[in-house]
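Record features (Swiss-Prot):
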REGION    1-44  region 'Disordered'
COMPBIAS  10-21  compositional bias 'Low complexity'
COMPBIAS  26-35  compositional bias 'Basic and acidic residues'
DOMAIN    34-91  domain 'bHLH'
DOMAIN    110-143  domain 'Orange'
REGION    158-206  region 'Disordered'
COMPBIAS  164-174  compositional bias 'Pro residues'
COMPBIAS  182-201  compositional bias 'Pro residues'
COMPBIAS  255-272  compositional bias 'Polar residues'
REGION    255-281  region 'Disordered'
MOTIF     276-279  motif 'WRPW motif'
Amino acid sequence: MPADIMEKNSSSPVAATPASVNTTPDKPKTASEHRKSSKPIMEKRRRARINESLSQLKTLILDALKKDSSRHSKLEKADILEMTVKHLRNLQRAQMTAALSTDPSVLGKYRAGFSECMNEVTRFLSTCEGVNTEVRTRLLGHLANCMTQINAMTYPGQAHPALQAPPPPPPSGPGGPQHAPFAPPPPLVPIPGGAAPPPGSAPCKLGSQAGEAAKVFGGFQVVPAPDGQFAFLIPNGAFAHSGPVIPVYTSNSGTSVGPNAVSPSSGSSLTADSMWRPWRN
């Protein structure tokens, strides 16, 4: 009998041990299950927020574009986002145009800032030894292309017609030569024609690259046109008449001066020998 009692007493703690082992991991399982059960609810709420925002965005963009909402009741989410991006870009362009209309120096400041940043990047890449050569070349080429596009930007034609590269000059009508009086400092550009040049002329310094930045010489700005030609931008106060621009076009045969600067007499035209060629200086 005592032996049986001892066996029962010795077996009871062993039998109780599995029960205690099974009860301890219940708390982590409960927390994990709680997170798993709450995840679909969180996802459902997130999708509901996205759909609500897209619905409001759809209403706003259709009102802004003045489109009938009944005809666009089944727009996809991607269509709503694309329409919004296009609308914001148009607003950005309109703001830039308005800024240029009120302050003509905005574009010049933007170009100067971009050029300064590009120079800083170039200096860093030239001194940094850990940059891959291919990456450096691609980055500098990309910045050069961006700089060319920025230099091709012009001011709005309605607000500042004098700041655009003018078209080729049309054939002038009959009449004597007309000269625009203006007096910036030398160097001088001789104006061809029968009469003597005016007291002062626009300083000229033509770049060899079409994408070269516009430069200012003696108060006059030289702007490269996309077709490889150049135009002088003359301030309005430097003219005695209404013509605000004296365009200078470069070509293989020579340089022609716009009609506001020289108007040949009837029955005569400027020959190639009478044209000023900058490469002969």
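Every residue gets a Cβ built from N, Cα and C, even glycine.
Each residue in the domain 'Orange' (110-143) gets a DSSP state, and the totals come to 29 helix, 0 strand, 5 coil.
DSSP labels the residues of the domain 'bHLH' (34-91) in these numbers: 46 helix, 0 strand, 12 coil.
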